[in-house]
Amino acid sequence: MSFNLHNRNLLSLIHHNARELRYLLDLARDLKRAKYSGTEQPRLLRKNIALIFEKTSTRTRCAFEVAAYDQGANVTYIDPASSQIGHKESMRDTARVLGRMYDAIEYRGFSQEIVEELAHHAGVPVFNGLTDEYHPTQMLADVMTMREHSDKPLHDIRYAYLGDARNNMGNSLLLIGAKLGMDVRIGAPKSLWPAADFIAQCEAFAAESGARLTLTEDPYEAVKGVDFIHTDVWVSMGEPVEAWDERINALLPYQVNRKLIESTGNPRTRFMHCLPSFHNCETKVGKQIAERYPHLKDGIEVTDEVFESPRCIAFEQAENRMHTIKAVLVSTLGGI
């Protein structure tokens, strides 16, 4: 079966098949090697890419900008303070304007419906840099990183996600593992599992790929024998302090600490995090939480001991955001 990623959107990974995902991963590997060896060739000369950020970002913005610059493209950063989006101009109208000026558009924001609307009206490829429901560029980086740190083929790699599995990370880790035939475990309170219809959709993908999907409320069952443990923050900047109590009490059993990571029985288990992480109280939010919950001063979703240990590969994971995003840009806009 042939395929062509030229001018394709990247909105959730639902519409990308396993062969296309593997191609993007292989291309990211090749582009990373070329950058490291100084042999990279620009394929995006005279291309212009708009970066819409309704949510702030460090890694996603830097990854898109560096990936584009490395390949010879120009970018324009657009945030709510510097545009009329949502104030005087709808996303539909914004899409129709930007689509006439740019070769592609990246969007990082809130509802998946917004990025879908942008893609419907822009007439150029649209890339989802993060929505409440999905984080596809992060998934490519995560699988690339797991590949680099395992001598197993993808279908033999086992990984777990612990925490609030209703969010974009929980959804997306379940989805990409189901597509690629991997062994995926979700460890979370049942009330924080992905939506039932989404689980059913992933189970259908798993039936085709041979993936093994496990959802459990027992964190130790989730991580038994895994090669990688993923997590994400439990609370976000801007959430009312009153909302923290219920969330933290529900998720405390899923904290990634030395006891839990050693319970895998696998001395090669690695820890992954999409970042930022509250692994200490050196940030504004971390400090606020530590003041309210003194027992979490050394880490919330992950302890500082684990985060600063050799098991943690979160920063390689962060670097791979740039290489995988570059693969998306080149395959979509570079005509290869």
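Using N, Cα and C of the backbone, Cβ positions are placed for all residues, glycine too.
The model shown is predicted, which means the values in this text are computed figures rather than measured ones.
Taking the Cβ of His135 (carbamoyl phosphate binding site) as centre and 10 Å as the limit, one finds 28 other Cβ atoms among all the protein chains shown. Summarising the annotation, Swiss-Prot assigns carbamoyl phosphate binding site to Ser57, Thr58, Arg59, Thr60, Gln84, Arg108, His135, Pro136, Thr137, Gln138, Cys274, Leu275, Arg321 and lists sequence analysis as the type of evidence.
DSSP assigns Asp232 (L-ornithine binding site) to coil, not to a helix or a strand. On its own chain, Asp232 (L-ornithine binding site) has Tyr161, Gly163, Asp164, Asn167, Met169, Gly170, His273, Cys274, Glu301 as residues at least 6 apart in sequence with a Cβ closer than 8 Å to its own Cβ. Annotated L-ornithine binding site per Swiss-Prot: Asn168, Asp232, Ser236, Met237, in sequence order.
Each of the binding-site residues Arg59, Arg321 was scored by how many other Cβ atoms lie within 10 Å of its Cβ, and the smallest score goes to Arg59. For the pair formed by Asn168 (L-ornithine binding site) and His135 (carbamoyl phosphate binding site), distance between Cα atoms is given as 6 Å, rounded to the nearest Å. One residue stands out among the binding-site residues Ser57, Ser236 for having the most other Cβ atoms within 10 Å of its Cβ: Ser57. Mapped onto three states, the DSSP output places Ser57 (carbamoyl phosphate binding site) in coil.
Checked against Ser236 (L-ornithine binding site), the binding-site residues Ser57, Arg59, His135, Arg321 differ in C-alpha distance, with Ser57 being the nearest.
In the three-state DSSP assignment, the secondary structure recorded for His135 (carbamoyl phosphate binding site) is coil. Taking the binding-site residues Thr137, Asn168 in turn and counting surrounding C-beta atoms within 10 angstroms, the largest count is reached at Thr137.
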